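A.B. asks: Please see the structure below; I have some questions.
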């Protein structure tokens, strides 16, 4: 798992165009002589996921707006405050018809996608209640009241939503990590309760041994300090540590040559420090904790260096930071294993919340089991009634056979004819008198209901 840090203005389509107009700082150095790690460089160049649920829509809007020359020119002169305030959004009315048409199409696709997801969500929670406010929040990055056209209001909402969400992204990740650590401790304690005294002591000893082993690592340099950067200069870049030059260092690690060190490029600088503490092959090292450590390092450097708080480090800001006392004589850096991540009270509150959730799930499981038993009871009852009716029908047919009456079919017809009996309708009719000659000596009897005539 990798914590994503993306510049708000870059993700909201703004810096992508602005950075294209900036000139790279000229530095005389042959990059072909610099030792690089291929997988690290590839990771930094790739376009990472912002972590936003509308990430694809955001990127598509950026790509389309970049194709308009007028909008790109306006963007070159805009600052971050103009972007956040919505002033730049009004320039959307002046873009080409082709761009507007494409943006309209993107918005319709996004609205359709959100409606489909919300419908699926409503179907899945129909028995447990629906949080309508949470569903409406899914539309905060666009104007859903006008689902067919992309207007300046849509661009303004997209900018503000992305900026706010990205600014809160790190905070959300810290909270998730804290819950992760408390859950680990909760599960460990619950497991200990299932052991006898001897096994419990062995597990506690093993736990303390692993903690000690994890904490036994080389000194971690203060992120952003001269010692830390020189180590990258020497081990990652393959350069002489005695020739360390901040300006050259900046250029080397500005991978996309846009004139800035963004959050991704900064995080890549801490790989060597993290490798001192975490090894995926070691049982005692948790890779989730490693990513939290990386996030903490990046946040610290941004707070120290990023003067205008635009989540970008310019060359000027970087060089100014190298002149500070903290750069040359930094305080020691405390890793996660040296800090108290939560208190006992916080753990108890968390466990109480977990217990409440378990009780709710248990109650729901019991209700479902009762429903299952009731359905089974009804099924068994219907089966018994069916068997009883079949038995009654069978007894009635046997009784008819005993009385000499053939059993009847579903419509009352006879299933078979007893020997010697024929249906009346199938009996041959006597030919009419005079139609055929009678044999000698045969006297035709008068038909029933006619008077006999005597000579």
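Cβ atoms here come from the backbone N, Cα and C positions, even for glycine.
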A.B. asks: Pick from 128-160, 161-193, 194-226: which stretch is listed in TrEMBL under region 'Disordered'?
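C.D. replies: Feature region 'Disordered' in TrEMBL: residues 194-226.
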A.B. asks: Provide the three-state DSSP residue tally for the compositional bias 'Basic and acidic residues' (359-380): helix first, then strand, then coil.
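C.D. replies: Its residues divide into 22 helix, 0 strand, 0 coil.
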A.B. asks: Please indicate, using numbers and ranges, the residues of the same chain that are 6 or more beyond the compositional bias 'Basic residues' (212-223) and have a C-beta under 8 Å from a C-beta there.
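C.D. replies: Residues packing against the compositional bias 'Basic residues' (212-223) from afar: 231, 269-270, 273, 276-277, 282, 284-285, 297-298, 300-301, 326, 330-333, 335, 337-338.
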A.B. asks: Could you pull out which residues elsewhere in the chain have a CB under 8 Å from any CB of the region 'Disordered' (194-226), counting only those six or more residues past its ends?
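C.D. replies: 188, 244, 269-270, 273, 276-277, 282-285, 297-298, 300-301, 304-305, 321-322, 326-328, 330-333, 335, 337-338.
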